[in-house]
Every structure is written in structure tokens, then in C-alpha cells.
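Reviewing the structure listed below.
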């Protein structure tokens, strides 16, 4: 454990309290943190090294080096170094600024003060000076300086409360408690200074919810777990003081261990652009070779005789060597086909798009003051190409606000409402709820409409009392009183809050807890139970239990959990009650309610003592501790007596149905990945409109092994494609072209809508290598896919499967810690700021408060970003090919001498001054249709999914367009200058006038072209386009003026040329002719295309223009209700760890789903919906609505 290799050799950590000398021999990290990358001395070399690792920067650096060689450079060094230095400087300033703030943050944290026990005295020390093994005193509302073993606190039994918002985003308080042997130390400094315990524990890791260790002190060993540890980043709350021993410091703390780098994501356009840039480099080399060969031929055939003004010694250099030098010269001249400004412009545009998302008030959730946040600036255009959405349910599609609705106790349902004829009826506003106002500590917002439960409580039904007693005892809720004396519950899951609140209103009030006791008020009587054991929840157990001793001395085990798990633990005598309760659970799940089973067991005192002794031994074990504890839990949680079941409601979020429908019309497939049971998952599908009664079939895959799963998948495919048509070949399509062909086959083959439901157990087999192809083929042919009972790992595996084999852009959206792996795996990760903390938000690329904002994020911001980026790239490549290839044509008329056409300053400023701002304005602000029409017509989204706006074909069209423009730019002026004289009779066919004419023509042509490309004009577009032209002429006349020539005669030799040339009418005629010849074919083509073959976007633009002239009153969409048959389902899923229980069971009400945004459930047809939307009483709109074959 010594020297630099200690991390590799450390297998366990040994820490001795109050002994720095002992701990220093292990060379543990100190408490100083470093998140900064540079210092004053290392910034320049490290930053330059990082920047030149980028291929583009390294490429331009190589060009700069070539330009420093006089024999091959026709351009001076500043033509490359000016833009390169500009880019390098901008990036360096940005990196330096970011690192300055990191330094500032590091210093602020490292210089925080803590009271440290040194030499038997408490001394104020900076955090960075704290060492492993030190004992620290914390006071209320202080941040925790390092990962501490809690020794004692001001609260009884060594309890303390911490807020972990900086770790996991959760603002609710969590309880930690010290060992009883150390809690006795209290605040006695002398006893704390004499504490010399030795902790042997796990090595530093990033697991926030797990800790294993042993404290050896006074000849005895004590087991340590996560409840004894306070982590760095926590804040001490509601506790006057506490003392802790430093276990991990600085970079070894769990907070810093979790601050690893996020996986870098690149867009499909980035990957395509990298490929195209390589192609351009190849094209550039080919041009260089052609011109080099031309130079060699010219030198050998013409150069030797070309001696009128040039004199050199014969045989001084060979034609081949001349061609070699010319090759490199033209590589330098033609490098502007990929200017360095391209990469800077792309980042600026993406930054602008990110700000638009952050500033969008329509994605601002005013109830909680939560705006939409683009947490990355590199993925915006990818939002316009999404094909698959993978969504969590609870807290994402639903509100994750739980309400206790129904329960089954001893075979009887409570919570139903009956009429005078004892017939079950709907709950209406006229129905009076149970009056809880007489109970002073009741929750005023709680409502329950069945009065029979209160009657059973008053009559003293023992089963009802035991049921409510269990709800008040078996949980992880913390209680406190506010300033008004009201009882407040700190809950870690909304489910537990709903159950404990229900028990509270029915007279069984949870009051307080300590590590050894739980106090509740039972119908007015205060009762304290001794807490003997807490059997925590995890994803395998799917249940939690507490073992308590009541005042009469009886030992009880109370348990709640998933019915499938708990029913297996029941005593055989429960058979009749089990049947009744199962029926009730099916009924609850059919109504979309989240369910839990409730059971208990009476324990013999002798048996419990023997079991508890084994549990203590297992907790003290250093090997296989978890396995031994799990076995003991299984042993005691058996022969349970069933009490009943609970049913909690979780409503859909506002706007979910409309959003799902709209995204489906945009050809986006939504897969729900939930921890719910199968029936509940089906129910949420119906509630969200993803499943309908009109579907041809819903395939349910529930095989118990790989063979059964494979057979079910293949049988489903046979049903889908037909018995006599063997479509599948067992292979998954990977290329986009093949995928489009596959889609066309499916359209011909599948005549209806299908859905796939698969549970987690079957999914585990379906994800095996020999079955996953069948799963993926079937799933991708279905309109809806719902995976239920899935683990966080399976969620990520499903996303990776589609990413890898479908070549499709994926998006994952969720709100909880169990969604983090899925969010990180997808191309785009979206976090919902919900009830389950901020883990998902912190791991996401984009975040907002409501699922409905996903519609605007994709259909508006995503589509616009893709549209703008594609137009930007098309124009940028066109502009630079038109600009650069003029040199190629000129080479044939200048003896392939690598002479440039333009002035060197024009070459330097063309991309960074003359044409940079207009294209940026278009890339940031342009839009084809308004945001409202983007939402109302989801089919506008499809071009992005099919990569229609920028692909290899579009690139070649841009290249050909640029080549044509370069031909016009060169040959029209060349032909005009071939034999021409000015108005004064003087010959004007000089090189300088020719260069000025071509440069002016180029600036005007590309400005006119961007004006034609701009669909949405703003004040900024006008200023940038006309301003750029004005800047060009201002700089041109300045550089050609007598004044600048007098100061820099060598750099600006074209004195007076601009004034002389641009005062000639024939020059302006040439410029006009060049401009018209360049843009008229484009104007003609676009006019014919829009008139004869309009896209959907073209038609919507026509409609927008017509709407400005005649704006008819908007009509509301028809509202319909769907009645559905009862579908049963249960829900249960938790996050692992103490107190994070019952947080991902997922249900929804299937009958009469609640209104969302004024729309309960609307049946849309993709064609008729768009037609109805766009029929607006004008001829243009009428023709649009009648055109049912929309060309994308």
C-alpha cells in the first residue's frame, strides 16, 4: 500500500483513530481536491497539446509549416496563421476561463473550516489539512468535510439527520446513527481524544448506498454499514452537533469517486462530417496531383521557351521536381475547401440552439419554477432525428404523486362507493368524503370516500387494526414537527408517504423513531415498540420487513412487498384468503392502481434470539456478508399470515396522451421500460394511447427459458407476417438504405397495428445472442413495445440493442436513479426533474419538469436545429468550393504556377469576416415553418429521421453547385477581360482588376445565394448580409488606398486598383452577368420544384402565408372517451437501500383517463389529422389538405 502503486495494491483500508503517524505509512490521500486541469506554468503547453490533438487543428498547423517554405508557398503565412491563431486563442480563452472557475471552486472548498480534534483540543483547520483518522466535529447546517464514521451526536441514541442533495439530488432528510458503543462518547473531548478504534473496511469506491467495514475497539468487533457513514457533500440538519472519524478523504471520498467523466456523445452529422472531410482531403490531393502533372508538362514543353521576361539557367531544376513543389503549393492554396472556421461556426450555432432551449418559456414549469436546460451543446441537431424513445413510467409518464385509494383487508375491499341499492358506483364531486376534521393530526389533503373502513376501526376489528398498525410500523419514514407544531413526514418514496399518511388519518399515527424504538399513536394511545431488526429492501427481495416487540412482550414480524414474492412466503392456511386477495389485486391493477401485499408473523422469543445471534455473526463477517444476511432474511420471512393489500393511485402527467399521439404521428416509436408487472404495464399502455382496442394483436412474451422465449417470438412473427410468408431471415438490418427497404416491405406485409409486451424474466433470455435478433425484428415491426419488470441494467441493454443493430437515433427519458444507465446509453438522455431526486437530471443531456415538453423539444427545437445545421453545412461547403476551385481553373491559364487569383488578404478574410456572419445568422435563426405548425404537423419531423436534408447525396449536390459557380466566377470575367478596354480607352485586362472583379462577384454571389436560402428573415439576417457586403467594400477600398500603401507598401501593393476598376461600367456589367448566371439556375430549379413537387414543408409555408391574409377561427379538436374492459395488474418496484422503498411500481387508470391539456383521448389518423389541421378556408390550404401523398 505504498508509493504510487497503492491504488493497485490496496485490497482493504485500515484506519486508526487519532493516530496520524500510524495512518501516514499507508500514504492515503489528503483532503485536498483538484478539479482544475492547469496552472500558470502548465496551461500553455498542455492546452496547446490538447488542441493540436484535434485533427483539424493539426492539419492547419501542417499547412502553416508548409507555407513557411518559400519554394512551395504562394501564400504568405498570415493567410493560415490568422484564422488558426484566432481559433486557438478563442478555445484557449474558453478553457482558461473554465479552469479559472474550477480553481476558484477548488480553493473555496479546500479553504472551508472544520473543527478537528488535535492533541486533545478542538482546532479550526482548513479542509485540505484534514487527514484520514482525524476526528471532526460538525455543527448543524455544516457541510461534511470527508467521509466519516459517525461516532456520537447531540440526538438520543447517536442519531443524526443529513441532507444528501449534493450527492443524489434528494432534498428529503436521511437518518444516520452511530454504534451504541461510540455514541456513549458524547461530546466529551477527553474520551474522544482517547478513542483509538481501528476500522478495517472496503477500499475507496463510488457506491453511495453501500459500505462494509469492521470497527475493532476494546477487544470487541462491531459491524459497520452505510447507516453509520456520513459522506462528504452531505449537510448536517436538525442536529446540534456530531463527531465523526475520517475514513476516506479528498479524491478517495465517494463524492469525488462519482465525479468521473461522462461518456462523450457525437451526433450522426458529426460522424458524417468527419467522413466528408476525409473525402474532401482526398479530393484536394487529386486536384493537387492533376495540377502538379500539368505543371510538369508545362515546364517540359513550354517553360523552357518562355524566356521573354524570365531568365534562369538551363537545367537548374527538372520539370518533375517543379511538379512536386507545385503539388504542395496547390495543397496550400486549395486548403480552404475545409476552412478552420467551419468547426468554430458549428459550435457557435449549437450554442445558440442550446440557449433557445434554455430560454423557451413554453417549456418552463411555473408551478415549481423549473426551466428546460440543455446540459450539452453538442447534440441539438440529433434531437431532430430521433426514431426510438425509451421511457420510464413512474414520474415520467405519471406524476409520481401517490394517493391511497383502496385496500383489501381480510378478504374485504375498502374504498369502493356504493349507491342506495348497494351497487358499485363512480366517485363524483357530490359524494361526501370521510370527515377527518375531528382528528387534530390528520392530513387535511387526504380523502377517502368509503365510510365502512372507519366503522370497522371503531368496532375494533382486530384484522383492520393490525393492518393499519403494520402500515404505521413497517416503513422508513422520518417524522419531525414544524414551527407550528404540525407533524411532518420526511419520506424517501411517495408510496410510503401515501401508506403512512393513510394509517395516520385512520388513527394509527407514526410519531417518532430511534435506532431501537418506533413510537406510534394508536387511536389516541401512545405506544412504543422495540425495534429488534430491520430487514431492508433490495431488487431481489422486493419486500421489506420489520421485527418489533410490543408492550405486551410479543415479537411480531411485519412485512410488505410484491404480491408474487410475498404470496410464496405465506402459511398454507391462507389459501382461501389468498384467493380472495388475488382477485382484489387484479381488480385494483385493472384500475391502474399500484399494489402491495401485507402480511405478518408471530415469532417465538427463543427462536428469534437464535436467529438474531446468527444475524450478528453474519454482519460481523468480512466475506460473503450479503449472501449470509440474505439467507437469514429468507429463513425468518416464511409462514406469514396474510392481512391484505394496498392500492395507491399515480395519475398521468398533464399532456401525456397528446404528446404520445403527436410523437407517434412523427413516426417515432415509443418503448416503455418499466419495473411494473405485466398487467399494469398493459394498463398504462391503454391509458397513454399506446395500446388501443382496435389493435390487431398484442403479443405477450412470458417464456421461462430461452427455448420458450424463442418459440413465442417466432410464433408472434408468423402471426404478424402470415403463415405462408417467411419474411425473417434471422438477421437484423444495419444500414439505413436496407432499413428503408425493410420498412417498405413491412408496409406491404403488415396491414394492422401490433404491440409487444415482454416481462423482465423473459427479456433476460431474449437478450441472449441467439435470440436477440428475433426479439429485435419483432419489436421493430410493432407499433408499441412495453417491457415490464425490467431492471436498470436491462433498460440499458435494450437501448444498446436498438442502437447497435438498427442504426437508429435513440432517446431515453426518465426521472429516477434506476433510469441513469438507460439515459447514459442512449444517443440522447433526457432527465425529468421529479419526485425521485436529481440523479437522472445530473446524468442527462437535456432536462425539464414534464414529459409533455418532450414534444416541443423534438418537434420544434430538434427539428429546427437539424434543419438549420443542414442548411448551414450545405451552404458552407457550396461557398467554399465556389471560392476555392477558381484557383484550379486559373491554374490552366497561369502555367500551373500556383499563382492565386485573389489578393492574399481577401483569402485570409473571406471566411472569417466577409461571409461568416450571414451563414451564422441563418444557422441560428432560420426556420421553415413556425413552432406551432411544427407541433401541429408532426410529419414534418420525418425528413430528419431519414437524413434527407444533409447526406452524401446532398453533399455531392453542394459540391457540384460550388463547381458550377466557380466555373461561372472564373470564365465569365476571364472572357470579358480577354480583350476589353475601359471608357477612357485604356486596357483594363490586368491581373489586379481581374482579381478585384472576381472577388467582388464572389462576395455578391454568395450573399445572394444565402438570401435565397434564408427562409425566415430577422433584423439580424438583414444586418449581417448587407453589413458583410458593406464591410467587404470598406476593407477593399481601404486596402487599395494610398494611405495604407504608404504605411505598408509590401503588404498592400494593389494601390488604387479598387477605385479604378469599380468605377468602370463594364466591370459592374461583368459582376451583374456573373451573379445572374450563378443564381438563376438555382432560382429556376427551386421555383419548378416548389410548384411541381412541393414538400410538406413547402405546403405549410404556403398555408402560413395564406393564414396571414385570412385567419379563420380555430376549431377545437373533437374529444372522445374510450371505455375499456378491466385489465388486471400489480405494481411493485423499489430503489435499493435503506429507506428508498416502493418507488417504481407503475400503474395507471385504464377507464376514462383523466384530461390532459384539455384532451382526454383523441383518436388520430396521421393523414386526416394533418388534413383537418391545415384546412383553413384558403385555396392554398385546400390544395394542401387534399394532397394525401406528401413528398418528403
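Backbone N, Cα and C atoms are what each Cβ position is placed from, and that goes for glycine too.
Swiss-Prot lists 1-44 (among others) with the feature topological domain 'Cytoplasmic', giving sequence analysis as the kind of evidence.
Swiss-Prot lists 45-66 (among others) with the feature transmembrane segment. Same-chain residues lying 6 or more positions outside the transmembrane segment (45-66) and placing a CB less than 8 Å from one of its CB atoms are 37-38, 72-73, 77, 80-81, 83-84, 87-88, 91-92, 95-96, 277, 281, 328, 331-332, 335, 338, 340, 343.
Taken through DSSP, the topological domain 'Exoplasmic loop' (67-72) splits into 1 helix, 0 strand, 5 coil. Among the features that Swiss-Prot reports, topological domain 'Exoplasmic loop' is placed at 67-72 (among others).
Per Swiss-Prot, transmembrane segment is recorded for 73-92 (among others).
Sequence annotations record features per position, and here Swiss-Prot assigns topological domain 'Cytoplasmic' to 93-276 (among others) based on sequence analysis.
For the transmembrane segment (277-298), same-chain residues at least 6 beyond its ends with a Cβ under 8 Å from one of its own Cβ atoms are 56, 59, 319-320, 322-324, 326-328, 330-331, 334-335, 337-338, 888, 891-892, 895-898. Residues or ranges marked as transmembrane segment in Swiss-Prot: 277-298 (among others).
According to Swiss-Prot, the feature topological domain 'Exoplasmic loop' maps to 299-327 (among others).
Feature annotation from Swiss-Prot assigns transmembrane segment to 328-349 (among others).
When averaged over the topological domain 'Cytoplasmic' (350-871), pLDDT in the model lands at 84. For 350-871 (among others), the entry in Swiss-Prot reads topological domain 'Cytoplasmic', with the evidence type sequence analysis.
In the structure as shown, the Cβ atom of residue 394 (Mg(2+) binding site) sits within 10 Å of 33 other Cβ atoms. If you look up Swiss-Prot, you'll see 392, 394, 815, 819 marked as Mg(2+) binding site, on the strength of similarity to another entry.
The feature active site, 4-aspartylphosphate intermediate is assigned by Swiss-Prot to 392, with similarity to another entry given as support. Residue density at residue 392 (Mg(2+) binding site): 31 other Cβ atoms are found within 10 A of its Cβ, drawing on all protein chains shown.
Secondary structure at residue 819 (Mg(2+) binding site), taken from DSSP and collapsed to helix, strand or coil, is helix. Other Cβ atoms within 10 Å of the Cβ of residue 819 (Mg(2+) binding site) number 32 in total over all chains. The ATP binding site annotation in Swiss-Prot covers 392, 393, 394, 496, 537, 560, 594, 674, 675, 676, 789, 795, 818, 819.
Taken from Swiss-Prot, the feature transmembrane segment applies to 872-892 (among others).
According to Swiss-Prot, the topological domain 'Exoplasmic loop' annotation covers 893-904 (among others).
What Swiss-Prot lists as transmembrane segment is 905-924 (among others), and the listing cites sequence analysis.
Here Swiss-Prot flags 925-954 (among others) as topological domain 'Cytoplasmic', drawing on sequence analysis. If you look at the topological domain 'Cytoplasmic' (925-954), the same-chain residues 6 or more away from its ends with a CB under 8 A from one of its CBs are 268-269, 272, 276, 384-387, 662-663, 665-668, 736, 740, 809, 855-856, 858-860, 862-864, 866-871, 873-874, 1014-1016, 1018, 1020-1021, 1095-1097, 1100-1101, 1103-1104, 1166, 1170, 1173-1174, 1190, 1192.
Contact between the transmembrane segment (1061-1085) and the transmembrane segment (955-976) is supported: at least 3 Cβ pairs lie under 8 Å, counting only residues 6 or more apart in sequence. Secondary structure of the topological domain 'Cytoplasmic' (925-954) per DSSP, as helix, strand and coil residue counts: 18 helix, 0 strand, 12 coil.
Within 10 Å of the Cβ of residue 594 (ATP binding site) there are 32 other Cβ atoms, across all protein chains. In sequence order, 675 are the binding-site residues from 537, 675, 789, 818 with a C-alpha within 10 Å of the C-alpha of residue 394 (Mg(2+) binding site).
Here the transmembrane segment (905-924) has Cβ contacts under 8 Å with residues 75, 78-79, 82-83, 86, 336, 339, 341, 345, 348-349, 352-353, 868-869, 871-872, 875-876, 879-880, 883, 995, 999, 1002-1003, 1006-1007, 1010, 1013-1014, 1018, 1020-1021, 1024-1025, 1027-1028, 1031-1032, 1035, 1039, 1051-1052 of the same chain, all six or more residues outside its ends.
Among residues of the same chain six or more beyond the transmembrane segment (955-976), those with a C-beta under 8 A of the stretch's C-beta atoms are 276, 874-875, 877-886, 888-890, 893, 901, 994, 997-998, 1001-1002, 1005, 1066, 1069-1070, 1073-1074, 1077-1078, 1081-1082. Taking H, G and I as helix, E and B as strand and the rest as coil, DSSP gives the topological domain 'Cytoplasmic' (1014-1019) the counts 1 helix, 0 strand, 5 coil. Here the candidates are the binding-site residues 392, 815, 819, and by Cα distance the one nearest residue 675 (ATP binding site) turns out to be 392. In this structure, residue 594 (ATP binding site) is part of a beta strand by DSSP. Checking each of the binding-site residues 392, 815, 819 against residue 594 (ATP binding site) by C-alpha distance, the shortest gap belongs to 392.
Distant neighbours of the transmembrane segment (991-1013): 871, 874-875, 878-879, 882-883, 886, 901-903, 906, 910, 914-915, 918-919, 922, 965, 969-970, 973-974, 977, 1025, 1028-1029, 1032, 1036, 1040, 1054, 1057-1058, 1060-1062, 1067, 1070-1071, 1074-1075, 1078-1079, 1082-1083, 1086; these residues of the same chain sit at least 6 beyond its ends, with a Cβ under 8 Å from one of its Cβ atoms.
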